[in-house]
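Trainee: Just passing along the structure, written as C-alpha cells.
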Amino acid sequence: MAGGAFADTGNLKRAHLYEYRITGYFIFACVIAASGGSLFGYDLGVSGGVTSMDDFLKEFFPSVYEKKHAHLHETDYCKYDNQILTLFTSSLYFAALIATFGASYVTRTRGRRASILVGSTSFFIGAVVNAFAKNIAMLIIGRCFLGGGIGFGNQAVPLYLSEMAPAKIRGAVNQLFQLTTCLGILVANFINYGTAKIHPWGWRLSLGLATLPATVMFVGGIFLPETPNSLIEQGRLEEGRRILERVRGTTQVDAEFDDLVDASNAARAIKNPFKNLLKRKNRPQLVIGALGIPAFQQLTGNNSILFYAPVIFQSLGFSNDAALYSAVITNAALVVGALMSMAFVDKFGRRAFFLEAGAEMFIVMVAVGITLAVDFGYGKPIPKGTGVFLVVVICLFVLAYGRSWGPLGWLVPSEIFPLETRSAGQSMVVCVNMIFTALVAQCFLVSLCHLKYGIFLLFAGLILIMTAFIFFLLPETKQVPIEEIYLLWQNHWFWSKIVPEQGKLSQV
C-alpha cells in the first residue's frame, strides 16, 4: 500500500478513554494564539503591494521606478528585477530562520506562551522602524525585527494549537493559524489598495499598521494559559492537570494526563533534542516534517505569487489599481481555501487534500506557463481575454494551495513530532521553511526575468515531485492523538522498515 495510512487503532494506548467538551476557555485560548498567523499574513500581503507603489520606489529604488515607467503598459518579465528590492522582502525570512533557534530554547524552557509574547514584541518594533524608515538600511533593520517576530510566532503558535486541541478536531483548530494568515494577507491587500492613493506617505501607513496585529497578539498573549504539555514538560504537574481539565471541560482527564506525563518523562531524559531528532526512530519526522514538507510548501510557487501578486500583474501589463485589485481577488481565494480545509480536513484527512490539490496545482501551473509562452513578453499590452484567464487560473491555484499545502504545511509537522523533540522539530520546520521562503523571494523576480514562462513550468515539475512524496511517505494522521502518532510509522509500508518496534524505541 503506497500511502501506508494508519488502520489499526487498537494499538493506541489510551486514546479511546480521552474525554472533552468544547469550552469558552478553549475557544478563547485558540483564537488569541491563532492571531499570530495574522503577523505572517499581514507581512506577506503588505510587502508585495508596497514594492509596487510609486512613492516607495521613488524614495528607495529610483532605478526600478524609472524602468517600470519606461514600459508602464507593456508586458515585461524583467520590469522589477532588482536584487536590493527583493532583499527588502527576503531579509525578513533570513532573520526569521535565525530567530527560530532562540525560539526553540524559549519554547521548551519557558513555554509556548513566552515565545508568543517575544514574537509580538519584536514584530511591533520592526513595524515602527519600517514606518519611519529614511533609508534602505532602516528598512532592512525593520524587516529583521519583523523576521524575529515571525520566527518566534511561527515556532510557537502551531505547537500551541496542536497541543491544546483534542485529537478529533486538531486539524481544524490548528488551521486557525492558516486562516488568520490568509485574513492578514487579505486585509493587507485592502489596506494597500487604499494607501496607494495617499501620496507620498501611503506606503508608510501600510507598513506601520503591522503594529495592530502585533498589539492584539501581545495583549491577548498576556491572558493566554500555557499548554498542559508544556507545563508538564516543565515539571508543573498540578498546574498542567488543572489547565487540562479546564480546556477539556471535564475532570475525567486521567487517561490523557497519564499519556502526557509518560511523554514528558521521555522528553526529560533527552539532553540534546536536536541531536535526538537525528536518531533512527525519528527519521520519518525528520524527513517528512522537518525537511520535506516545509521546503516543498515554498517550492509550490504560491508564496511567490503572494509576495509579488501586484508586481506580477503589473509585469503582465495591468495598471497599478488593477494589479492591486487582482491581488485582492487572488487572496480572497486563499481565505476560501483555508475555510474549506478547516471544515473538511478532519473528515477527509490530510492526504486527500494534499493529493487532489497537488493535481489541480500542477495543471494550473502548466496552463499558466503555456499561456505566457504563446501570448506574452513581446512588449505589447496583454490581451484582455488572456489577462482575465490568468487571474482566474491563478485564483484556482491559490484556492488549491489554500486548502492543502498552505494549512497542512504547518499542521502536519506540528502534530507528528514526539514531545522530546517537538520544540527542536518545530524550529527545524520554521528554519527550513524560512530558508526556502527567503531563497524563493530573493530569486523569483530574477528567475522570472531570465526563465520567463519557464519558471511556472519549473514549479509544475516540483509540484509533481512533492505530490509523489506525500503519496508514498505520509500516513494519514487525522484523529490520532498527538502523543501516539509514533505508532503510525510502525504500521507504514516504508517507515516500518526503518523505525524500530515500540519496545526498542528507547535504545535507538
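Note: Cβ is positioned from N, Cα and C throughout, glycine not excepted.
Those TrEMBL annotations? Automatic predictions, nothing curated.
So TrEMBL says this about it:
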type     : residues : note
TRANSMEM : 22-42    : transmembrane segment
DOMAIN   : 29-478   : domain 'Major facilitator superfamily (MFS) profile'
TRANSMEM : 84-107   : transmembrane segment
TRANSMEM : 139-161  : transmembrane segment
TRANSMEM : 173-191  : transmembrane segment
TRANSMEM : 203-224  : transmembrane segment
TRANSMEM : 323-345  : transmembrane segment
TRANSMEM : 352-374  : transmembrane segment
TRANSMEM : 386-406  : transmembrane segment
TRANSMEM : 427-447  : transmembrane segment
TRANSMEM : 453-474  : transmembrane segment
Trainee: Count the CB pairs under 8 A between the transmembrane segment (427-447) and each of 84-107, 139-161, 453-474, then give me the winner.
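Mentor: Counting Cβ pairs under 8 Å, the winner is 84-107.
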Trainee: Averaged over the domain 'Major facilitator superfamily (MFS) profile' (29-478), what pLDDT does the predicted model reach?
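Mentor: Its mean pLDDT is 87.
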Trainee: Which residues of the chain, 6 or more past the ends of the transmembrane segment (323-345), have a CB below 8 A from one of its CBs?
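Mentor: Answer is 45, 48-49, 52, 171-172, 175-176, 178-179, 181-183, 185-186, 189-190, 192-193, 196, 305-306, 309-314, 353, 391, 394-396, 398-404, 406-408, 411, 478.
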Trainee: Examine the transmembrane segment (84-107) against the transmembrane segment (139-161) and state whether at least 3 Cβ pairs sit under 8 A, considering only residue pairs 6 or more apart.
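Mentor: As far as Cβ distances go (cut-off 8 Å, pairs 6 or more apart), the transmembrane segment (84-107) and the transmembrane segment (139-161) touch.
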Trainee: So if I exclude everything within five residues of the ends of the transmembrane segment (386-406), which remaining residues of that chain have a CB under 8 angstroms from its CBs? That is, six or more out.
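Mentor: Distal contacts: 178, 181-182, 296-297, 300, 302, 305-306, 313, 316-318, 326, 329-331, 333-338, 340-341, 353-354, 356-358, 360-361, 364-365, 367-368, 371, 375-376, 466.
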Trainee: Which listed stretch (22-42, 173-191, 352-374) has the most C-beta pairs under 8 A with the transmembrane segment (203-224)?
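Mentor: Between the candidates 22-42, 173-191, 352-374, the best contact partner of the transmembrane segment (203-224) is 22-42.
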Trainee: Would the transmembrane segment (173-191) and the transmembrane segment (453-474) count as touching if the test is at least 3 Cβ pairs under 8 Å, pairs 6 or more apart?
Mentor: no
Trainee: Could you tell me what the rest of the chain brings near the transmembrane segment (22-42), counting residues at least six beyond its ends with Cβ under 8 Å?
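Mentor: Result: 112, 116, 119-120, 123, 149-150, 153-154, 156-157, 160-161, 164-165, 173, 176-188, 209-210, 213-214, 216-217, 220-221, 223-225, 246-249.
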Trainee: Under an 8 Å Cβ to Cβ limit, what residues of the same chain, 6 or more beyond the ends of the transmembrane segment (453-474), are close to it?
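Mentor: The answer is 2-4, 284, 287-288, 292, 296, 299-301, 350-351, 354-355, 358-359, 361-362, 365-366, 368-370, 372-373, 376-377, 405, 412, 444, 447, 494-495.
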